[in-house]
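Novice: So TrEMBL lists the following for this protein:
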type: COMPBIAS; residues: 446-456; note: compositional bias 'Polar residues'
type: DOMAIN; residues: 467-532; note: domain 'HTH luxR-type'
type: REGION; residues: 439-459; note: region 'Disordered'
type: TRANSMEM; residues: 47-70; note: transmembrane segment
type: TRANSMEM; residues: 77-103; note: transmembrane segment
type: TRANSMEM; residues: 109-128; note: transmembrane segment
type: TRANSMEM; residues: 140-161; note: transmembrane segment
type: TRANSMEM; residues: 167-184; note: transmembrane segment
type: TRANSMEM; residues: 214-235; note: transmembrane segment
type: TRANSMEM; residues: 241-264; note: transmembrane segment
type: TRANSMEM; residues: 276-293; note: transmembrane segment
type: TRANSMEM; residues: 299-321; note: transmembrane segment
type: TRANSMEM; residues: 333-356; note: transmembrane segment
type: TRANSMEM; residues: 368-388; note: transmembrane segment
């Protein structure tokens, strides 16, 4: 296992390039303030307008790119380019540096810097995500997780450089480095893959299913983003918190990425974002409830905590959307752009509400208490949404363990005899094939899910597919394809049942052949049937 972890952490162009981007982005966009510029330039007004412009530009760029991919998937019409992202990002840093020397024009320069940095950072994120999704699952996952580990180390190393020098090194040295790394890796992308050739407007059902299927996880992460936005607004009043927020955010990402890497390499990992949110929820709620009882210094740690969770959640969103792109043949820019856009929009909502908290002081309300109550309310609401299955609850509302109200009806004469005669006539009139389907009435829940064994297997083929998945490291979607193939389904049939394109099914089959070391469909069926099940 140790050798496997060391191999996963082995540096590469993709890993170091992505890590450098995350570290540099943390120096300008995360936290509460940009830590490598003088504190005298970080007044409340300047910081508010910078972060408002940056955050709005960030999430708007995500949604615009997702929409453009959906409307016109052809690469000639819409193509994200590293040069465009680098130009926007570089100009943003130039405007930031210029605001130090042209203080009379600091406000318009910082607003322009916010727009350019937000848009450039969004483009870089989407470009990296497009590359990760286009690679093999193991390679892309390794690059993202290892990149997050190295990002924290690189960010800590930035503090070894004099602050005045760091601000100039970012646009002159660091930006060209990770831009070059991204350019080199983008040349390796095979745009003939189904995810890039798919026409979203012709497969609207697949793309709509993505949004519906991920809405709970998106809102759960969005709730953490909302908390981070509020903490960013609070940090504006105390710029010294910004450095602490950034450092603890990177330490949180380092710890989370290290744990994720360990369990992934040790025994495999199957994470549920909604369940993870349910675990984190009590901790965050408790930290917010005790705010009135804690000293002023507690707010520094409270500001850093949600941002650390936000940094971790951002990594999980990238892992999840890359998996969706591979499994369902969805364009990775659309998957990450739409889901990420919603998450970052909720971050902006938190930033605005946190900024509005200062106005509550005029009415005699403590702004800290106001923002804390609003945050607790939203977290509780998202916990409710991520926990409750509304369709199931509607069905259970009228189940047997509830009050039963029966409409009284007048009794009929000879009712038992008449009922028996009617039932006998109905059975005689029923064709033999339909008689075989007649079953006694049961609880509504019997029809909601297929019958399963105590181990969660529905039938023999399902068990064989799960055993094959365990032994060969198949993904859940690949295990579904194995099961459908063993049941005799064709490529069009599998495509219809899984709501994916036929090209995506063929891509899954190719990956299965590679992982299993086979060359024909019959060999796949024979391999699955070789598992003796009871």
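Placed from the backbone N, Cα and C atoms, the Cβ positions cover glycine too.
Unlike curated records, TrEMBL annotations are generated automatically.
Quantities reported herein were computed from a predicted structural model and do not represent experimental measurements.
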Novice: Check the transmembrane segment (214-235) against the transmembrane segment (299-321) for contact, please; criterion is three or more CB pairs under 8 Å, pairs 6 or more apart in sequence.
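Specialist: With 3 or more qualifying Cβ pairs, these stretches touch.
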Novice: Given a Cβ distance threshold of under 8 angstroms, which distant residues of the chain, six or more beyond its ends, lie next to the transmembrane segment (140-161)?
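Specialist: Tertiary neighbours of the transmembrane segment (140-161) are 8-9, 11-12, 14-20, 22-23, 26-27, 36, 131-134, 169, 246-247, 250-251, 253-254, 256-258, 260-261, 264, 315, 318-319, 322.
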Novice: Treating G and I as helix alongside H, and B as strand alongside E, what does DSSP give for the domain 'HTH luxR-type' (467-532) in helix, strand and coil?
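Specialist: Helix, strand and coil residues of the domain 'HTH luxR-type' (467-532) number 49 helix, 0 strand, 17 coil.
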Novice: Would you kindly list the residues that approach the transmembrane segment (299-321) from elsewhere in its chain, counting only those six or more residues past its ends and only Cβ-Cβ distances under 8 Å?
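Specialist: Distant contacts of the transmembrane segment (299-321): 30-32, 125, 129, 132-133, 141, 144-145, 148, 214, 217, 221, 224-225, 227-228, 230-232, 234-235, 238, 241, 244-245, 247-253, 256-257, 260, 271, 273, 276, 280, 284, 287-288, 291, 332, 335-336, 339-340, 343, 347, 368.
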Novice: Hey, which of 167-184, 333-356, 368-388 has the most Cβ-Cβ pairs under 8 Å against the transmembrane segment (276-293)?
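Specialist: It is 368-388 that shares the most Cβ pairs under 8 Å with the transmembrane segment (276-293).
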Novice: What parts of the chain pack near the transmembrane segment (77-103), using Cβ distances under 8 Å and only residues at least 6 beyond its ends?
Specialist: 28, 34, 37-38, 41, 46, 65, 68-69, 109-110, 112-121, 123-124, 126-127, 130, 167-168, 170-171, 175-176, 179, 182-183, 186, 333
